[in-house]
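Input: a single structure, listed below in structure tokens.
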Amino acid sequence: RESDHRAWTPVSYTVTRQNATVQGLTEGKAYFFRIAAENIIGMGPFTETTKEIVIRDPITVPDRPEDLEVKAVTKNSVTLTWNPPKYNGGSDITMYVLESRLIGKEKFHRVTKEKMLDRKYTVEGLKEGDTYEYRVSACNIVGQGKPSFCTKPITCKDEIAPPSLDLDFRDKLIVRVGEAFSLTGRYSGKPAPKVTWLKDDIVVKEDDRTKIKTTPTTLCLGILKSVREDSGKYCVTVENSTGSRKGFCQVNVVDRPSPPVGPVIFDEVHKDHMIVSWKPPLDDGGSEITNYIIEKKDAHRDVWMPVTSATVKTTCKIPKLLEGRDYQIRIYAENLYGISDPLISDEMKAKDRFRVPDAPEQPIIKDVTKDSAVVVWNKPYDGGKPITNYIVEKKETMATRWVRVTKDPIFPSTQFKVPDLLEGCQYEFRVSAENEIGVGDPSPPSKPIFARDPIAKPSPPVNPEAVDKTRNSVDLSWQPPRHDGNGKIIGYLVEYQKVGDEEWKKANLTADSCPETKYKVTGLTEGLTYKFRVKAVNAAGESEPAYVPDPVEVKDRLEPPELILDANMAREQHVKAGDTLRLSAVIKGVPFPKVSWKKEGHEVSPKADIEVTGVGSKLEIRNTVHEDGGIYSLTVENPAGSKTVSVKVVVLDKPGPPRNLQISEVRSDSCYLTWMEPEDDGGSVITNYVVERKDVASAQWVAISSSSKKRSHMAKYLIEGTQYIFRVAAENQFGRGPYVETLKPIKAMDPLHPPGPPKNLHHVDVDKTEVSLVWNRPDRDGGAEITGYLVEYQEDGADEWTKFQTVPMLDCVVTGL
């Protein structure tokens with residue numbers, strides 16, 4: 001019967017063998033069969049087949065497996081997969097046989113005894129670099145079928161594939177605060193790449209809100225309940241040994257902005273309006289601020305009134321205020337995603353609060369000169385508006401009109417140098433400050449100052465000396481200081497010291513008690529010896545002291561001679577040539593001393609007029625010449641002693657001639673001149689030298705240098721072959737001295753040198769008493785034409801050379817040998 005039918009169908013009625021062939025069956029259908037034995041008594045019970053039998057052709061070995069593929073290769077393993085054969089031979093596959101052959105060998109070897117019914121196997125333990133091919137066969141109960149087609153030769157090495165990355169997100173992503181977002185994608189690569197997530201170059205770590213999920217082929221970063229801090233540049237890196245791939249996404253988590261930054265600044269306050277300013281929010285919510293909303297409120301009411309909602313500036317004018325009322329301002333920032341919390345100002349009263357600046361304090365004057373002074377002041381209160389300018393004015397003390405010192409603005413400096421003062425005039429100064437409201441009141445006038453150069457301390461008094469003495473006093477006399485420091489000498493301070501003591505005592509307490517150049521020091525002790533010194537005083541202070549040269553013994557005056565020198569007997573006296581020299585001194589002594597004038601230890605010139613009076617002596621020389629200079633001495637002598645003073649007199653004149661004029665380094669177009677300074681510089685520094693030249697055939701001297709301070713000069717631009725004479729004179733501030741000339745002319749030509757040796761000297765003929773010689777010209781002629789050749793000979797073994805003769809040509813016959 002068919003397996004899906006219940007009725008049995010007879011196949012044969014008379015079968016005597018133990019087998020039977022059933023005909024007429026349908027291929028592919030399943031049947032049950034039963035058999036019963038029969039004898040003459042009757043039919044016995046049936047025996048059924050235990051399971052259905054599908055009608056097919058007879059069972060054979062399976063077909064070859066299909067689609068043998070290499071799935072993975074490493075340096076020591078190969079992973080293979082395949083599909084079952086199309087036909088299993090009529091019987092279930094019981095196992096697969098996998099075989100390999102090393103390239104270069106003939107036989108295939110079975111790889112494993114495993115049954116491999118899952119059709120996948122990894123061959124391990126291979127040698128890196130070896131190459132194999134594989135095949136697989138299927139087995140059923142009949143036996144092993146044909147092997148599959150062989151794989152291509154497979155070399156054992158790590159399989160490499162650079163990473164690839166396929167992202168599901170774009171370059172930019174905008175997310176509202178509180179929402180979740182995820183970044184996903186797929187990747188591949190051999191060996192398996194490492195996946196790393198970064199945010200703003202910092203590795204992302206998982207936490208309660210941040211989740212990272214990575215499978216062998218997919219990647220995902222998810223963030224729950226996003227906050228503003230989640231904004232940033234996200235980067236995923238897929239990397240293996242062959243390289244890396246990166247993907248980026250700029251995530252912007254947006255929200256409404258934070259409040260504007262306070263405090264609210266009231267830039268201007270008026271009775272009917274205000275101008276306020278503020279700073280933008282610290283966080284714009286990730287989106288540009290589109291506008292600010294400004295509202296105002298009377299402090300005594302609860303209603304906020306709109307001012308504007310259309311401004312994008314951080315400043316705003318608040319109009320329509322009532323004078324005297326207090327107001328508050330509140331400001332919101334708005335972007336695409338909402339309106340911030342408000343910034344609320346302090347209360348501010350609507351009233352005018354700006355005015356002109358206050359008057360500065362009294363200015364101070366410093367750095368006064370004869371034509372300028374620096375005015376310094378402190379910044380006053382600006383009246384609520386920034387100061388933009390200062391106005392400095394001056395006036396003469398006795399005048400009434402103030403004059404502005406400059407039209408240029410003075411700001412921000414709080415000092416100004418006033419120019420163009422008149423020397424000796426007394427001035428006062430005042431300063432006003434200006435803002436945009438107007439000019440404030442001027443400061444009080446400064447203290448009056450005189451326009452003159454600053455005063456320095458004076459130099460010491462000149463030639464203090466003791467001119468008289470008694471048993472308890474000494475009379476001192478001196479001359480005024482050479483320099484008063486640009487200030488009037490108020491007077492002099494006189495001090496004395498007992499020899500052996502360290503302390504100086506004051507003879508007068510104040511300088512104005514000694515305005516003259518003399519003073520009587522009283523209250524001294526008879527028989528003691530004292531030192532004295534004098535200081536000059538002006539408004540700047542005391543000078544250095546000038547000391548009386550020798551200690552003075554206090555006793556009734558003796559009679560030795562005394563000399564009180566006039567100013568013209570100071571250490572050195574300068575007189576211009578042609579002027580009159582005057583030397584004079586006051587002479588004291590009892591009896592009146594004998595007076596003698598000397599010059600350099602000898603009698604003075606007869607042209608000197610010497611005058612001696614009862615109080616002094618004078619020497620006078622008219623029309624001085626340079627020779628009148630020297631050291632003049634005045635000696636006064638009486639029986640009680642003698643005294644000599646000397647003065648060096650310098651008569652200033654033109655200098656003498658330079659010395660030792662030399663010429664060297666003569667060339668065809670130049671030569672070098674050197675000389676020494678004059679023995680006599682005329683009493684003044686040599687300022688320069690004048691150098692001139694003259695062609696010997698010309699009567700005209702030509703200046704080639706008139707300003708050189710050096711004692712040498714390179715004379716250039718000479719004409720070759722021309723003879724020249726040079727001369728030099730020195731100049732000082734009094735004129736040009738006499739010239740010194742070169743002793744003989746010099747010819748402008750390059751220097752001559754001996755010629756080089758003749759070349760290639762050899763004989764061309766020899767006789768018993770003579771030799772014929774020839775040679776070639778030398779390489780160099782020394783700068784002049786060769787005039788001849790000197791021929792010498794020497795006997796072999798001798799020391800001396802014998803001159804034969806000088807010949808003009810390049811050959812010679814030496815005879816007499």
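Note that Cβ sites are derived from N, Cα and C of the backbone, with glycine treated the same way.
TrEMBL does not curate its annotations; it predicts them automatically.
Annotated in TrEMBL:
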DOMAIN    1-58  domain 'Fibronectin type-III'
DOMAIN    64-159  domain 'Fibronectin type-III'
DOMAIN    163-252  domain 'Ig-like'
DOMAIN    259-353  domain 'Fibronectin type-III'
DOMAIN    359-454  domain 'Fibronectin type-III'
DOMAIN    460-557  domain 'Fibronectin type-III'
DOMAIN    561-646  domain 'Ig-like'
DOMAIN    657-751  domain 'Fibronectin type-III'
DOMAIN    757-817  domain 'Fibronectin type-III'
Legend entry - Tally of residues which DSSP labels helix, strand or coil - the domain 'Fibronectin type-III' (64-159): 0 helix, 42 strand, 54 coil
Legend entry - the domain 'Fibronectin type-III' (259-353) [mean pLDDT, rounded to integer]: 92
Legend entry - Helix, strand and coil totals (DSSP H, G, I; E, B; other) for the domain 'Fibronectin type-III' (1-58): 0 helix, 11 strand, 47 coil
Legend entry - Number of helical, extended and coil residues in the domain 'Fibronectin type-III' (757-817), per DSSP: 0 helix, 29 strand, 32 coil
